[in-house]
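> Structure incoming, see below.
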RNA sequence: GGAGGACUCGCCUAGUGGCCGAUGGCGCCGGUCUUGAAAACCGGUAUGGGGAAACUCAUCGUGGGUUCGAAUCCCACGUCCUCCGCCA
C-alpha cells in the first residue's frame, strides 16, 4: 500500500510512477477521491459520536423531565451514529480497495517499459563450449536424477520426481544456500507452506496474481508460492527493533504455483513446475537502508551462483514488469546451453514500505516513534537451478561435473556418472 | 470429534453497565542522591485516525448484537490450556 500522506502531498510523483509502469493514472485520482471521502465521513461520524458521548455522560446525573428529554435525544442520536459509522466503514473499505489497486512507486533509475525493456547490468562467467548440448531432462534421465514421466503419472503435468543424485543434488544445494545465509547472519527458517488468507493478502499475492495461487477451499488456506509470504507475515503487526541493523531470514520451503495461463510454455523438464523447493532471503530494515540492503541480497545471490559455477547475467527489471510490491527488482539469469539463452534463476525485490504497510510492520525511529519498516526479498537457490547446473557442467561422455563448492555437500563426489 | 477453562496496555495483574484508555507490580526511560554504580526516592512510559490548533474519535482476542451508554451483558468465530475419544 502506498503512503496516503505522500499521496496527498505529491500525487504527481505517483502519477509519474504509474506512467513508467505503463499503468493508468486514473487509479491515483480514484485513490485521492476515496481518501477525501473517507476523511469527510470520519469527521461526520466523529462529531456525532462526540455529542453522543457527552450527552450519555449527563444521563446518570439528570432526573425527571430533564432526563426524559436527554434520553429522547440520545436515542435519536444512537440511530444517527449507527448510520454514520456504517458510512465510515464503507468509506474505509472503498479507500482500502483503491489503495490496494495502486502499485509501489518505481525507484529512480528503473528502466521504463515492459518485460523486454530490462537493462543488462553485467554478464559474469564464461559460457562453456559444448557441442550439441543435451538439455537438463535428457541429462537428468540418464543420471536417473529427474523423472517427469512418473511425476505426470502420479500427479499430472508439471510434476516430477527427483531421485538418486537428483535428490541429493537439490538437498546439497539448498543446504549450501542455508549455510551461506547463516554465515552472513541470516536466521535460517523452515516456514509453513500453508497460510491464512490475510497472510497471502498482506504480502500482495492475491492481487494480480491470484490465479497463480492454490487455495484449499475446505480449510480456507493457501499454498504459498514462496516462503516470502510466511516470512513477511512472520512479523506482521509487530514493532521491530532495527537499531542493530536489518533483521534477516533465510526461509526453506516447498513452493506451489498453479502456472495458470502458461499452457504449452516451458513444458519440458523442470523449468516451470507446480511444486519446487527454495531457499529465500527476507530482510526487514529501515527505509533509508533498503537500497543498500537490496545490493546485499543481490551480492548473496551472485555469491551462490559463483559457487555453482554458472555463467549468468544480472538484469535491472523494467518498470512495467516489477509486480505491484517492488520499487526495483534485479534478476539473475543463468545461461542454459540447450536453449542458448539466459533464464531467470533468482529475483530480488525492494518493496520499501509497501508490503510492510499492509502487514503493519514497524520499527522505532530515533525519536522512539513507530514508523513503517521496509522489506526486501531475494532467491538464494531453487529447484530450477538444477537446470543450469546439469547443463553447464555436462561432459561429452554424459557425466556431469560437480562444482567444487558443492562437493562437500555430496559426500565429496566430483562427478555424476550416467546410470547403467 | 466431544466436555470444560482462559484471552485486558512489553510481562504479570485490578476491573461484573456510566466516575475506565483502563488499577497495581515488574521491566524500560529520565531525574535526585553518589567519585562511579547499586539501593532509595521523584517523574514518565500503548497504538492508530481526524484537525492549523485547542481538541476529538477509535481500540480491553476478532466480528456482530442488546443499551441513551459495554472491558463489563448476549451470540458467533479465533487462539491457547486441561480432560475424554480417535489417529500417528
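Any Cβ shown, glycine's included, is placed from N, Cα and C.
If you look up TrEMBL, you'll see A:226, A:227, A:228, A:257, A:280, A:377, A:379 marked as L-serine binding site. Look at TrEMBL and you will find A:257, A:258, A:259, A:273, A:274, A:275, A:276, A:344, A:345, A:346, A:347 tagged as ATP binding site. The annotation coiled coil is assigned in TrEMBL to A:31-58. Marked as domain 'Aminoacyl-transfer RNA synthetases class-II family profile' by TrEMBL: A:135-403. Under the heading site 'Important for serine binding', TrEMBL lists A:379.
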> Whole-number Å only: compute the distance from the Cα of residue A:347 (ATP binding site) to the Cα of residue A:226 (L-serine binding site).
12
> For the coiled coil (A:31-58), report the average pLDDT of the model, please.
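That region's mean pLDDT is 91.
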> The record names A:257, A:258, A:259, A:273, A:274, A:275, A:276, A:344, A:345, A:346, A:347 as the residues that bind ATP; what is their largest Cα to Cα distance in Å?
19
> Ten-angstrom check, please: count other Cβ atoms within 10 Å of the Cβ of residue A:259 (ATP binding site), all chains counted.
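Its Cβ has 17 other Cβ atoms within 10 Å.
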> Three states by DSSP: which one describes residue A:228 (L-serine binding site)?
helix
> Take the Cβ of residue A:377 (L-serine binding site) and count every other Cβ within 10 Å, whichever protein chain it belongs to.
28
> Do you see any of the binding-site residues A:259, A:274, A:276, A:345 whose C-alpha is within 10 Å of residue A:379 (L-serine binding site), and which ones?
A:345
> Hey, what's the widest CA-to-CA gap across A:226, A:227, A:228, A:257, A:280, A:377, A:379, the L-serine contacts in the record, in Å?
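Overall maximum Cα spacing for these binding residues reaches 18 Å.
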> Among the binding-site residues A:226, A:227, A:347, A:379, which residue has its Cβ surrounded by the fewest other Cβ atoms within 10 Å?
A:347
> Taking the Cβ of residue A:345 (ATP binding site) as centre, how many other Cβ atoms lie within 10 Å?
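Step by step: centre on the Cβ of residue A:345 (ATP binding site), count other Cβ atoms within 10 Å, giving 25.
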> Please report how many Å separate the Cα atom of residue A:257 (L-serine binding site) from that of residue A:276 (ATP binding site), as a whole number.
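Residue A:276 (ATP binding site) has its Cα 9 Å from the Cα of residue A:257 (L-serine binding site).
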> If you measure residue A:227 (L-serine binding site) to residue A:274 (ATP binding site) at Cα, how many Å is it?
15
